[in-house]
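Residues or ranges marked as repeat 'WD' by TrEMBL: 17-53, 61-93, 103-144, 145-186, 270-301.
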Amino acid sequence: MSEINIVNNDPSLIQNLKGHRNDVTSISFHPTNNQQFVSGSLDNSVMLWNLSSQQKRCFKLLGHTSSVNCVEFSKDGQLIASCSQDQTVRFWSPRINGSSSSFRAHTASISTISFSPNNDKLITGSNDKSIKMWDVATRKFISSFAAHTNWVRCVKFSSDESFVASCSDDRTVRFWDVNSGQCIHTVTCSKGSGNYLAIHLNDKSVALALNNGSVRLYDIRAKKLQQHYVIHDNATCVQWHPYANYLLSSGHDGTMKFIDVLEGRPLYTLEGHNKAIRTITFTHDGDHFASGSSDKHIMVWATNFIVKTESSSE
């Protein structure tokens, strides 16, 4: 049986990586291998990183003709998906260097992509205001989710795949039934629009990073605001720790904040980047996390204060 222990060790920077020639927009770790992750950038490239390799740390994957806005490993680690301002989605094999296939998914820049938990579907959100769902195996269009009236910034599947959550420049967060494609609930943000959202693994809460600098937690079932923090000048990204009730947020101010959700307070402020942090993500076990910035650097950090241990059930 696993237990979560909290120790008095601060998060620490362990690697500072430079490979991209422009802003780093997105990072995704391999679902089981903490030493491998993929990144996307405004330099039009996708980069596959191997932290355990001393000879070649990264491999550049070229194919997009404009800025790469989002990258994600499939849940089984067999595919990498990327989306771009060039209106296409590309699928890459992490085992075949440079091999990819692509399709045009939208009529404007694609901001966000997300694999379904069982890897058979991909959802995309775009500046054309639409959200679309695709069959990963056939690359065929399945359905669309239409109600946003401005650019779609982020879209995520719930862990049980029953619903999808999205945020948009129209200042709403919308929840969609995957089977019917209908919007089942809308949250209106009167003082800012969402840049990014993250659904808790229990599917009960969603965290939202807003451009007014606030981070908000909503109770999905009760349909109400749970917590509200004003901790950045412009909150760019937010991620749940995989096992503990902690949130990590990032901002245009170049900082990251750890939030203790149970106590309702920020715990740590992390600095290292000298420009806006555009993306943050945890490894599957939560022991490490990475940040990508407009300073073109990727930083890998040790979480340290959250330790998962195995204990006997006897």
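Our numbering is plain: 1 for the first residue shown, then up by one each step along the chain.
Any Cβ shown, glycine's included, is placed from N, Cα and C.
What you see is a predicted model, and the numbers here were worked out from it, not measured in a lab.
Through the fold, the repeat 'WD' (103-144) approaches residues 66-67, 69-76, 78-79, 81-85, 87-89, 91, 150-157, 159-161, 164, 166, 168, 176, 178, 181 of its own chain, all at least 6 residues removed from its boundaries and within a Cβ separation under 8 Å. The repeat 'WD' (103-144) scores a mean pLDDT of 98 in the predicted structure. Counting residues per DSSP class in helix, strand and coil order gives 0 helix, 17 strand, 16 coil for the repeat 'WD' (61-93). Across the repeat 'WD' (103-144), DSSP assigns 0 helix, 23 strand, 19 coil.
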